[in-house]
């Protein structure tokens, strides 16, 4: 990143050159604006890596583990030569696991493969076995599945939904590099894995995107109908985040969700904090106004970008939406 200099709309002139000229293509601009993959907080081991004589995780004190017990369909073998339903999850201390081994044993992990030939780390959390709905959760830009695992268990148990999630290319155990094209290929692979491996039909899938995760969520929802869509702190487009005065989508813009949201035919709940310091509240408002099937939104007064979940109305609104406002609730 260049040294600070004179600033324009929150960016120095040096930063503007770095952003748009090295090289000036949407995928590179997108990567510079949006992707902050952390050091992986977990590993996924195949059966042969856990057999006699195989190396153990770093230490019992620094890791927790869960066996992935799901039995997938025969046509969905594990990537990397592992047998179906046999991988195990090992979390590092940085994953900040908040539950017992019993809850961790309910977490299933496996690999899928994207159309762009990246290996995709996937996670299925059985929070509510009798629940009708499963959330396909696309997380934010600076976390991985290990860090999100505890949150998924807490959220799913409170809203009575199972949760399926995945790491973007270049995040966690997923191969490749983060990019806009990979985002779309990643969620396509996750959607197909949820449907074929677990037999979840589209009318029982709720797409949930948070922050950068709203980008693949909107893209998928504009192409497939599902039970519902939840957009948590969405962005209109990459340029509109960097330059708030942008009024139209340019050819070199990235993540143009504002141009896709009108094609979403499923019910959409938009959630945004009024004091969001990363993606301005105006983004959530614009997405809500452009969405043809938007339900009553949740504007969390005083909330920022990373603390909406701490407000009581967050869970209350999710429960109301899922339990009472969906067509087949």
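The backbone N, Cα and C atoms fix where each Cβ goes, and this holds for glycine too.
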Annotated range (Swiss-Prot: region 'Disordered') out of 6-45, 46-85: 46-85
Secondary-structure category, per DSSP, in which residue 211 (active site, charge relay system) falls: helix
Under 8 Å by Cβ from residue 211 (active site, charge relay system), counting only residues of that chain that are 6 or more apart: 140, 141, 232, 233, 234, 235, 278, 279, 305
Cβ neighbours within the same chain of residue 276 (active site, charge relay system) - under 8 Å, at least six residues apart: 233, 284, 303, 304, 305
